[in-house]
Amino acid sequence: MSKEGLPQIETVDAAGLAVAVVTATWNEKICDQLHQRAIDTAQQCGAEVKDVRVVGALELPVVVQAAARKYDAVVALGCVIRGGTPHFDYVCDSVTQGLTRIALDESTPVANGVLTVNDEQQAIDRAGFEGSVEDKGAEAMIAALDTAVKLRTLA
């Protein structure tokens, strides 16, 4: 995993911001860790958090869209692990396009913290467990809050 070019934004003053965290429950161990790291990061930054759980990654976009209409930022979290069929590609593409479209249509930051990996170990390496190489739940939250703060300066 290359961390070359990774921005060094460790915290954001998000006092007064409300963020929704929408988390899928498939691959529960991974999603719970992503979720906890995102929540911890939001609280450290001073943001108010709304916690929403959905069944799987395909359910994320519709709930994220509803949240984007009400909150200053939204973080979508999930984990899609490649199987032996093209379903992985369809799910990943649909979710990515959906989340991007929502951010643009609603003018609300939507951070895509959905891991798309070949196996469970790759997910563990990215989920912010002790010993993980990356912390995608926290990174997604920082990205969402930082973007929300930037958008406020443009209002």
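A Cβ is built for glycine as well, from the same backbone N, Cα and C atoms used for every other residue.
Look at TrEMBL and you will find W26, A57, L58, E59, C79, V80, I81, N112 tagged as 5-amino-6-(D-ribitylamino)uracil binding site. Residue environment of I81 (5-amino-6-(D-ribitylamino)uracil binding site) contains 16 other Cβ atoms, counted within 10 Å of its Cβ in all protein chains.
T85 ((2S)-2-hydroxy-3-oxobutyl phosphate binding site) falls within neither a helix nor a strand when secondary structure is assigned with DSSP, and so counts as coil. The annotation (2S)-2-hydroxy-3-oxobutyl phosphate binding site is assigned in TrEMBL to G84, T85, R126.
Here TrEMBL flags H87 as active site, proton donor. If you take the C-beta of H87 (active site, proton donor) and look for same-chain residues 6 or more apart in sequence within under 8 angstroms, you find none.
Each of the binding-site residues T85, N112 was scored by how many other Cβ atoms lie within 10 Å of its Cβ, and the smallest score goes to T85. DSSP assigns R126 ((2S)-2-hydroxy-3-oxobutyl phosphate binding site) to a helix in the three-state reduction. The highest number of surrounding Cβ atoms within 10 Å, among the binding-site residues L58, V80, is found at V80. Counting every protein chain shown, 26 other Cβ atoms lie within 10 Å of the Cβ of A57 (5-amino-6-(D-ribitylamino)uracil binding site). Taking the C-alpha positions, the distance from G84 ((2S)-2-hydroxy-3-oxobutyl phosphate binding site) to W26 (5-amino-6-(D-ribitylamino)uracil binding site) comes to 17 Å. In this structure, A57 (5-amino-6-(D-ribitylamino)uracil binding site) is part of a helix by DSSP.
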